[in-house]
Amino acid sequence: MSIAIFASGSGSNFEVLADQSRRQWPKEVSLLICDRPGAGVLERAERLGIPTVTLVPKNYENKAKYEEAILSTLQEYGIEWILLAGYMRLIGPTLLQAYPWRILNIHPSLLPAFQGKDAIQKALEYGVRWTGVTVHWIDEGVDTGPIVDQKPVLVEPDDTLETLTKKVQFVEHNLYPNTVYKLLTGRIPDHPSVSRSSG
Ligand code: GAR
């Protein structure tokens, strides 16, 4: 049993997660699901020798059919956990029901502030002094699931989108793999409904 990462973009989080899983975790990242042909993350996966499956939503009749195709791929690979890493789509009921409290996400703000897309830009525009990074469970909303861990990032007066993105991503690359490691090894508690059903 192992872990799949879902990603749409450049894949810097994918790479640190995959790398840490090999070094430290009791389960490895063994599959990349990508929804965007040509995304940078695909090259990273190839370099690391991790199998990739690219499934494009517009090739399916509806979201349920799209997620059924993902689900059968996940079952084929024996996937137990899903980590979203810059996967820019809402997870629907098909995957939520198949993986209850087994889907995590990284979001580039201190939730519940700045949910949705362009969170770093929104934080800059709002003029907050602190923003940060959140790892949370996925539920049916947009960045609304229970928070697992967070880390702050200071916004300095001369920060631009570029400099703040660098700082936020630096923190993401540390927080996300560490949080997953702690969850997988029981160093931080599992989601309460999973603990109850297994205990
Ligand atoms: C990351 O900063 C991640 O937090 C963000 O996309 C970026 C992906 O970068 N995700 C969201 O905004 C989700 N709402 P990466 O492809 O280099 O890992």
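Backbone N, Cα and C define each Cβ position, glycine as well.
What TrEMBL records for 1-180 is domain 'Formyl transferase N-terminal'. According to TrEMBL, the N(1)-(5-phospho-beta-D-ribosyl)glycinamide binding site annotation covers Gly11, Ser12, Asn13. According to TrEMBL, the (6R)-10-formyltetrahydrofolate binding site annotation covers Lys63, Met88, Arg89, Leu90, Ile91, Asn105. According to TrEMBL, the feature active site, proton donor maps to His107. Per TrEMBL, the feature site 'Raises pKa of active site His' maps to Asp143.
TrEMBL feature annotations superimposed on the structure.
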| residue | record | DSSP class |
| --- | --- | --- |
| Gly11 | N(1)-(5-phospho-beta-D-ribosyl)glycinamide binding site | coil |
| Lys63 | (6R)-10-formyltetrahydrofolate binding site | helix |
| Met88 | (6R)-10-formyltetrahydrofolate binding site | coil |
| Asn105 | (6R)-10-formyltetrahydrofolate binding site | strand |
| Asp143 | site 'Raises pKa of active site His' | coil |
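Asn105 ((6R)-10-formyltetrahydrofolate binding site) is surrounded by 22 other CB atoms, counting those within 10 A of its CB over all protein chains shown.
His107 (active site, proton donor) counts 23 other C-beta atoms within 10 Å of its own C-beta, drawing on all protein chains shown. Between the two most distant C-alpha atoms of the annotated (6R)-10-formyltetrahydrofolate binders (Lys63, Met88, Arg89, Leu90, Ile91, Asn105) there are 19 Å. Checking the recorded positions Gly11, Ser12, Asn13, Arg89, His107 against ligand 1, the ones with a C-beta less than 6 Å from an atom of that molecule are Gly11, Ser12, Asn13, His107. Here Lys63 ((6R)-10-formyltetrahydrofolate binding site) comes close to Pro57, Gly92, Thr94: these same-chain residues lie at least six apart in sequence, with C-beta atoms under 8 angstroms from its C-beta. Counted within 10 Å of its Cβ, the other Cβ atoms near Met88 ((6R)-10-formyltetrahydrofolate binding site) come to 13, all protein chains included.
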